[in-house]
Amino acid sequence: MSWFQKLMPRRIRTDAGPRSRSVPEGLWTKCESCQGILYRPDLERNLEVCPKCGAHMRISARQRLRLFLDESCEAVEIGAELQPSDFLRFRDSKRYRDRLNQAQKATGENDALVAMRGAVHQRPVVVCAFEFGFMGGSMGTIVGERFCRAAEEARANDIPLVCFSASGGARMQEALFSLMQMAKTSAAISRLNEARVPYISVLTDPTMGGVSASLATLGDVIIAEPGALIGFAGPRVIEQTVRETLPEGFQRAEFLLDHGAIDMIVDRRDMRDEIASLMGKLGGDVSVAPAPAPAATVDPEPESAEPEAPAEEAGPAGAAGDQAGESQDEGDPRNA
């Protein structure tokens with residue numbers, strides 16, 4: 001025992017003891033754009049948009065659909081029964097089957113696209129959202145099939161289709177079958193165009209590769225979130241290929257808007273209102289709200305006590321009116 005411990009009263013504790021309070025994990029997070037420390041509940045209330053710099057953070061497909069669709073209207077999932085399979089028995093550094101299992105456990109989804117039918121501001125809509133956490137949101141056979149089923153649901157019911165893209169491109173583990181989804185989804189969008197059903201495409205960070213070269217850039221209206229990376233090959237690959245320095249902000253949403261590649265940039269917090277407004281302009285005022293009550297019946301006007309003058313007594317004015325009616329009938333193309 002040291003001399004200091006001998007001098008201290010016995011009732012005074014010499015150790016700190018167990019910590020009575022601890023900060024829960026995940027209560028604070030860091031913005032990768034401005035490096036600011038953010039309180040997680042405040043960030044969630046701000047729809048995962050940094051309140052300091054406005055950077056839009058990546059969110060899951062389910063979270064995006066939950067923020068976008070009306071809570072009052074029950075959403076019905078489309079193609080949830082479809083399951084991916086390793087039909088090619090593909091293997092690189094790891095078996096494709098193992099990669100699927102790992103991604104399913106990490107995200108809780110069975111593939112990289114979630115499709116639902118719901119409503120936005122009481123307007124019916126079919127919406128798709130990519131899950132970037134599932135193998136980089138890559139497009140395989142299940143993703144292509146779910147998108148096509150969602151497009152067919154929209155076409156059959158004459159309601160708009162909205163797709164939130166967040167993908168690295170086609171899934172290489174499915175080889176040509178994944179590349180075929182580019183043509184398959186493009187054909188589904190073509191059928192929507194023939195039926196004059198609106199298709200709104202929202203590009204989020206990142207939208208690259210085969211997805212950007214097919215369904216993501218075929219919308220009637222193309223929207224992007226601020227700062228989203230959009231393109232086919234990445235900027236680093238392009239610089240190594242052309243051996244030139246790319247312009248500042250190349251392949252970002254603002255750069256694409258300035259060069260006419262997209263129609264508008266919309267903040268995530270305004271996305272619901274903006275898309276609902278576009279749906280009203282493109283698809284008419286269709287609502288799933290309850291039908292209004294029937295209008296009150298109006299009693300017919302009482303018959304006039306004075307009888308109408310016979311046609312013979314109408315005089316020249318009546319004859320002129322008959323001649324005008326005959327000339328209008330002759331000029332009407334429906335009587336040709």
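Each residue, glycine too, has its Cβ placed from N, Cα and C.
Straight from Swiss-Prot, the features:
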BINDING   C31, C34, C50, C53  Zn(2+) binding site
COMPBIAS  300-311  compositional bias 'Acidic residues'
COMPBIAS  312-326  compositional bias 'Low complexity'
DOMAIN    27-297  domain 'CoA carboxyltransferase N-terminal'
REGION    287-336  region 'Disordered'
ZN_FING   31-53  zinc finger
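Most other Cβ atoms within 10 A: among the binding-site residues C50, C53, that distinction falls to C50. Using a Cβ-Cβ cut-off under 8 Å and counting only residues 6 or more beyond its ends in the same chain, the zinc finger (31-53) has close neighbours at 59, 63, 67, 227, 267-269. Across the domain 'CoA carboxyltransferase N-terminal' (27-297), the model assigns an average pLDDT of 94.
Other residues of the same chain near the Zn(2+) site, with their Cβ within 8 Å of the Cβ centroid of C31, C34, C50, C53, are E32, S33, Q35, G36, L38, P51, K52, G54, A55.
In the three-state DSSP classification, C31 (Zn(2+) binding site) falls within coil.
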